[in-house]
Every structure is written in structure tokens, then in C-alpha cells.
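Novice: My questions will all concern the structure given below.
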Amino acid sequence: MGPWGEPELLVWRPEAVASEPPVPVGLEVKLGALVLLLVLTLLCSLVPICVLRRPGANHEGSASRQKALSLVSCFAGGVFLATCLLDLLPDYLAAIDEALAALHVTLQFPLQEFILAMGFFLVLVMEQITLAYKEQSGPSPLEETRALLGTVNGGPQHWHDGPGVPQASGAPATPSALRACVLVFSLALHSVFEGLAVGLQRDRARAMELCLALLLHKGILAVSLSLRLLQSHLRAQVVAGCGILFSCMTPLGIGLGAALAESAGPLHQLAQSVLEGMAAGTFLYITFLEILPQELASSEQRILKVILLLAGFALLTGLLFIQI
């Protein structure tokens, strides 16, 4: 009998629970997700390269191929827009609020928005420094000296045709290549944090839900990223390398999260949130000043492009809704 007369079987003893050997819940799920995400994302990254850059295909000279790539890129633009507004930003804001609450920090200053702005200005400053350096080094084409809020270079030739406007010869312009690199970096960094979320999970069911959602999400993002890099006129080898890098980031995050699951604290979470906020700010810049202006700059097939943009947005919205 217990001290208050209850039967001994109904008395809960914490020491009895603590004496049980710890079981790594969901570890096999995390390892399986690591392999599946690596393989699936890599395959999805290479599919656009194999289809659009086949040996012997005159990609640059084919107007129909350029139009098809432009339409598919509009769909990818919708995916990136949904990723920015419905995935990166909410994840970042929730993570940093949780970290600050765990540290018992109350702010009067909008720190979350300030970190976003710093990521935004980071890309802006990098681009302007690059443009200033090229302008001082020698004469540059008209496209490279235009304001970044105007027509965006690096797109297909027929997008900016007009009297008296010199056209690019197929080589990527510096701002477009730089933006492509920043896009890869921001997505890669966010992928590491998404992998960390899976690796830090201790519940088997929740880990499986996150893994399935990431499999669909990363597959679509991998295809969209490769299309965007091809649209920037980067070499196929460079696009493939970026795809491999992007494919490795989420598995890397899963591995790190599984290793750090027992030692993660509020300070670690705050540092992670700051980095994720910087990445979200850079992605915000790329989405609204690179991807959307470039896809909607052409006067051809405007309605179809808007429909595809909305379709891409709706697809990722549906995936995120299922994930919730």
C-alpha cells in the first residue's frame, strides 16, 4: 500500500521510468530519410539538365524550346514564391520566437524583421559592388548597367528584343550569375535547417510525417532550382554541381540533428534562427527582384504565365497544407 492507502500498482514512480534503457526513437526513419532525400533530390535536380541540355540539341537557337523553358520557369517561380512566403518566413519567425521565449528575452525592437532586412541588403550590396567593379574595369553592355528593378538580364534573348538594345550573346551576365549563386546558397542553408528539424525529432510518427513532406517538397524544389539555373545560362556542369550541393544539404541537416538531439539548447536554436533569417532575407530578394520580374517581363503569353505561376504556388501550398 502507498502512503495514502492506494494500491501499490497505481503509484507512479519516476525512478522506475528513468531506469529503463533509452531507445533511439525514429533513428531508422531518420537514416532512411537521409538516403531517400539524397537520391530523390539528386535525381530531380538532374532531370531538367538531361531533358533541356541534351548533347547536340541547339538549346539557344530554338525559339520553341526557349518558350517552353520560360513557361516551365513560371511554374517554378510560383513554387519559389510559395516557398518564400509560406515556408521560409513562417519557419524562421516561429523558430526565433521560440528561441527568444526559451531564453526569457522580451524585445521592444523588431529584431526578427531586422534580421530579414540584413539578409535582403546583403544581396543588394553584393550586386552593387559587383556592378561597380565591372563598370570601373571597362565598358559594359547596356543590360549590365540597367537598374536592378528594371528588366533583368540573364534571360533568353527574345525577352528583351527591341530597337537599339544590344543583346547578350549567351554568356551569363554577372548579376544574374551572382543571384543564381545566392539562390543556391539560401535554399541550401534552409535545407540544412529543415534537415535539422527532422534530425532533432524524438517522436517516430512526427519524424515520418516530416520525412514524407520533405520528400515531396525537395523533389519539386530541386526541379525548380535546376530550371532557374538553366534560365540563367549557366553551364550544365555548374547546374549539376549546384544540384548535387543542394541534394546533400537536407541529409546533412538530418545527420547533424540526430547527433545533436541530446545537446541542442536555446542558444543553439537562436544562432540557427539568425542564420535562417539571413537566408530568408536573401531568398526574399531573389524571389521578388530576380525570379518574378524576369518571368513576367516578356509580353508573350502573359495570361498563361500567370496561370502557371498560380499553379506552382498552389502546388506547394497544397503540400504544405498536407504537411500541417
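Count begins at 1; order follows the chain as displayed.
Here the Cβ of each residue, glycine as well, is placed from N, Cα and C on the backbone.
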Novice: Confirm whether, per Swiss-Prot, PRO266 lies on the same side of the membrane as PRO90.
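Specialist: Domain labels match for PRO90 and PRO266 in Swiss-Prot.
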Novice: Please report, as numbers and ranges, the same-chain residues at least 6 past the borders of the transmembrane segment (273-293) whose CB is under 8 Å from any CB of it.
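Specialist: Cβ under 8 Å, 6 or more out: 77, 80-81, 83-84, 88-89, 91-92, 95-96, 99, 112, 115-124, 148-149, 151-152, 176, 179, 182-183, 185-187, 189-190, 193, 228, 309.
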Novice: Should the transmembrane segment (69-89) and the transmembrane segment (238-258) be scored as in contact, given a threshold of at least 3 Cβ pairs under 8 Å and pairs 6 or more apart?
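Specialist: In this chain the transmembrane segment (69-89) does not contact the transmembrane segment (238-258) - fewer than 3 Cβ pairs sit under 8 Å.
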